[in-house]
Amino acid sequence: MLPDRSRRKQIEQVVVTAEQMRQIEARIFAAGMPVAALMEKVGISIARRVQTLYPYPQVRRVGVLVGPGHNGGDALVVARELHFQGYEVLIYRPIAKLKELTNQHAQYAESLGIPHFEAIAPLQDCDLLIDGLFGFGMERQITEPIASDIHQLDRWSMPILSIDLPSGLHTDTGEVLGKAVKATRTFCLGLWKQGLLQDRALEYIGTVELIDFDIPTADIHAVLEAPKVKRVTSDLAIATLPLTRPPVTHKYKQGHLLLICGSRRYAGGALLTALGARASGVGMLSIAVPESLKPLLNAQLPEALVVGCPETDNGAIAQLDLPEGTDLESFQAIACGPGLTLEATPIIQGVLNNDCPLVLDADGLNILAILGTQKLSRRSSPTVLTPHAGEFKRLFPDAPSPMQDRISAVREAAQTSKAVVLLKGARTAIANPSGQVWINPESTPALARGGSGDVLTGLLGGLLAQATAQHISVDAIAACAAWWHSQAGILAERERTQIGVDAFTLTQFLIPVLHQSVG
Ligand SMILES: NC(=O)C1=CN([C@@H]2O[C@H](COP(=O)(O)OP(=O)(O)OC[C@H]3O[C@@H](n4cnc5c(N)ncnc54)[C@H](O)[C@@H]3O)[C@@H](O)[C@H]2O)[C@H](O)CC1
Ligand SMILES: [K+]
C-alpha cells in the first residue's frame with residue numbers, strides 16, 4: 001500500500017466517468033467489502049466534515065434530501081449521525097420506493113423519530129441542507145415534482161452540501177438533466193467525477209472537495225489502465241516544469257524560442273507574448289515582429305534578439321528576415337499568432353512547412369482554419385494549438401461543441417488534427433493525439449481579459465522550447481503552462497481583486513506564483 005501522501009497525490013489526479021466508478025466500486029465489493037460498510041465509511045466521513053464546517057449549536061436544524069439510490073443511503077447515514085450529535089434533522093424523501101440498503105437506513109431514521117416529508121416546504125427554515133437525491137446513478141431527466149422542489153431551493157438562502165455531485169448534473173458531461181441543485185459545496189466521493197470538471201458545471205458545484213474512501217490504487221489501475229482524464233495538480237506541475245538546472249548548462253541547453261507575432265495595429269499582443277516567454281525561463285528568446293515594433297520590444301526586453309521584419313502597408317509582417325545563418329530549424333520551438341492579422345498568412349504557411357515544434361494561437365489559428373487542419377498531418381514535430389471556444393469551432397466544426405462536453409471535444413480535435421490541443425476556458429482542457437486529456441481544475445474569471453491568452457502563448461512557447469531541449473513530454477508541458485498561467489491569475493486576483501488582473505499585471509505574477517508553489 002502506497003504511503004498515504006503519495007497515494008493521495010495520485011488519486012487527486014484521477015478523473016472517472018460514472019461507468020468507470022461503477023466498475024471500480026464493483027471490484028471493491030467483489031473483493032469482499034460490504035456495500036453497507038462502504039456506505040457507512042462514506043457517510044461518517046461526510047458527517048465529520050459537516051460538523052467541522054457547520055458546528056452544532058451554531059447550526060441547529062439540518063434538512064436532508066434523500067433520493068432512492070445509494071446517494072440517498074449516504075445522506076441517511078449523515079442524517080443519523082448528525083441526529084446523534086444533537087442537530088435537529090428533517091428528511092425530504094420525494095420517492096417512496098428506495099433501494100434495499102437505503103430503505104433500511106430510512107426505516108431506522110424513522111424509528112429514531114427523525115421526521116420524513118414528501119414535500120420540500122417543511123425544510124425551508126433549516127440552517128443547512130444535505131443533498132443526497134442523486135449521485136452517479138443519475139441516468140435521466142429529473143421530472144416533477146422533484147424538479148419544482150429543487151427549483152424552490154434556488155429561492156432559499158441556506159447553504160447546500162451535495163454528496164458526490166449536485167443532484168441533477170450528468171456525472172460525465174456536467175449537463176443539467178432537467179433541474180440541478182446549486183451546491184455551496186460538493187463532497188465528491190472516492191475519485192473526481194468528470195462532470196465536475198466541465199465548464200458548465202461550475203455554477204452548480206460550489207467549492208469541491210474529495211472524500212477519500214481508501215480505494216486501492218490497484219482497483220483504479222485495473223479499470224483505468226492509464227487514466228484517460230487527469231487533473232493538473234500542483235504536484236504534477238511542479239514535478240514536470242523545468243525548474244531546476246544542472247550546475248553546468250548554457251543558454252541554448254535551456255531552449256531557444258522564436259516568437260512570430262504582432263502588427264502595427266496590435267503591438268501590445270507582441271509585447272505580452274514576449275513577457276510571457278521571458279517568464280518561462282527559456283534560455284534564448286528571438287522575437288520576429290514588423291520593423292516598426294522593434295524599438296518597443298527592444299526597450300522592454302533588452303535580453304531578447306528582436307528581428308525587425310519587412311512589413312506590409314498595413315503594418316503586418318511581410319516576410320521573415322531571420323539573421324544570417326539562422327533558419328526556422330535553428331529553434332527548439334516557434335510560437336506564433338498573437339496580433340499577426342490575416343495578412344500574415346504566407347508567414348504561417350512557411351512555418352507550417354517547416355518541421356520545428358510549434359505553438360499556434362490567435363491569428364495563427366484563424367489562418368490555420370482557412371488553410372485547413374490537414375496541413376498539420378505532414379508535420380512530424382509536435383504542434384500545440386491553443387484555441388478559445390470560438391477559434392475551436394472554426395478549426396474543428398465537426399467536433400462536439402466545446403460548450404457541451406469539452407473533454408470529448410478536445411479529445412476528438414487532438415485525435416483528428418494529430419496536434420496537442422489546449423482548449424482555453426474556465427477549466428482549460430488539454431488533449432494529446434492518443435486521447436489522454438488533462439483538465440486544469442482551478443482558474444479565475446479575472447483571466448477573461450484581452451491579452452491574457454497572448455501571455456499564455458509566450459509562456460507555453462518558452463516551456464515548449466525547454467521541453468524540446470530536455471525531452472519533457474509536450475502534452476504534459478502544455479498542461480503545466482495552463483496550470484502556471486491560471487495560478488498566476490489566482491495570485492494576482494488575491495492581491496488586486498478580480499478586476500485588477502490586466503494582462504501586463506498577469507505577466508508580473510508568473511514568477512511570484514512559482515516561487516510560492518515551489519517554496
Ligand atoms: N455503488 C455503491 O454501492 C455505493 C455508492 N455510493 C453512493 O451512491 C451513489 C450511486 O448510487 P446509485 O444507487 O447507483 O444511484 P444514485 O444514488 O445516484 O441514485 C440514482 C437512483 O435514482 C434513480 N434515478 C435516476 N435518475 C432518476 C430521475 N431522473 N428521477 C428519479 N429517479 C431517478 C435510479 O434508478 C437510481 O436508483 C453514489 O453517487 C454515491 O453517493 C456510496 O458512496 C458507496 C456505495
Ligand atoms: K447528490
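Even glycines carry a Cβ here, placed using N, Cα and C.
What TrEMBL says about this one:
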{"type": "DOMAIN", "residues": "21-221", "note": "domain 'YjeF N-terminal'"}
{"type": "BINDING", "residues": "70-74, 135-141, D164, G339, H388, D454", "note": "(6S)-NADPHX binding site"}
{"type": "BINDING", "residues": "N71, D131, S167", "note": "K(+) binding site"}
{"type": "DOMAIN", "residues": "234-517", "note": "domain 'YjeF C-terminal'"}
{"type": "BINDING", "residues": "K424, G425, A426, R427, T428, G453", "note": "AMP binding site"}
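A map of TrEMBL features onto the structure.
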| residue | record | Cβ within 10 Å |
| --- | --- | --- |
| H70 | (6S)-NADPHX binding site | 27 |
| G72 | (6S)-NADPHX binding site | 30 |
| D131 | K(+) binding site | 33 |
| F136 | (6S)-NADPHX binding site | 27 |
| K424 | AMP binding site | 26 |
| G425 | AMP binding site | 21 |
| A426 | AMP binding site | 19 |
| R427 | AMP binding site | 25 |
| T428 | AMP binding site | 28 |
| G453 | AMP binding site | 25 |
Output field, K(+) shell: CB within 8 Å of site CB centroid, site N71, D131, S167 dropped: L65, G67, G72, A75, G132, L133, F134, G135, S162, I163, D164, L165, P166, G168, V181
Candidates R140, G425, A426 (binding-site residues) - the one closest to S167 (K(+) binding site) by CA: R140
Pairwise Cα distance for T428 (AMP binding site)/H388 ((6S)-NADPHX binding site) [Å, integer]: 9
Nearest recorded site to N71 (K(+) binding site) by CA-CA distance, among binding-site residues R140, D164, G425: D164
Under 8 Å by Cβ from R140 ((6S)-NADPHX binding site), counting only residues of that chain that are 6 or more apart: L177
Entries of D131, K424, G425, A426, R427, G453 which, being binding-site residues, have CA atoms within 10 angstroms of D164 ((6S)-NADPHX binding site): D131
Shortest C-alpha distance to K424 (AMP binding site) - which of the binding-site residues H70, D74, M138: M138
Listed binding-site residues with Cβ under 6 Å from ligand 2, out of N71, S167, A426: N71, S167
Whole-number Å value for how far R427 (AMP binding site) lies from F136 ((6S)-NADPHX binding site) (Cα to Cα): 21
Among H70, D131, M138, H388, which are recorded as binding-site residues, the nearest neighbour of A426 (AMP binding site) by Cα: H388
Binding-site residues compared (D74, D164) - the one with the fewest other Cβ atoms within 10 Å: D164
Those binding-site residues in R140, K424, A426, G453 whose CB falls under 6 A of ligand 1, listed in sequence order: R140
Residues close to AMP site centre defined by K424, G425, A426, R427, T428, G453, Cβ within 8 Å: D199, H388, L423, A429, N440, S443, L447, A482
Cβ neighbours of N71 (K(+) binding site) where a neighbour is any other Cβ within 10 Å: 27
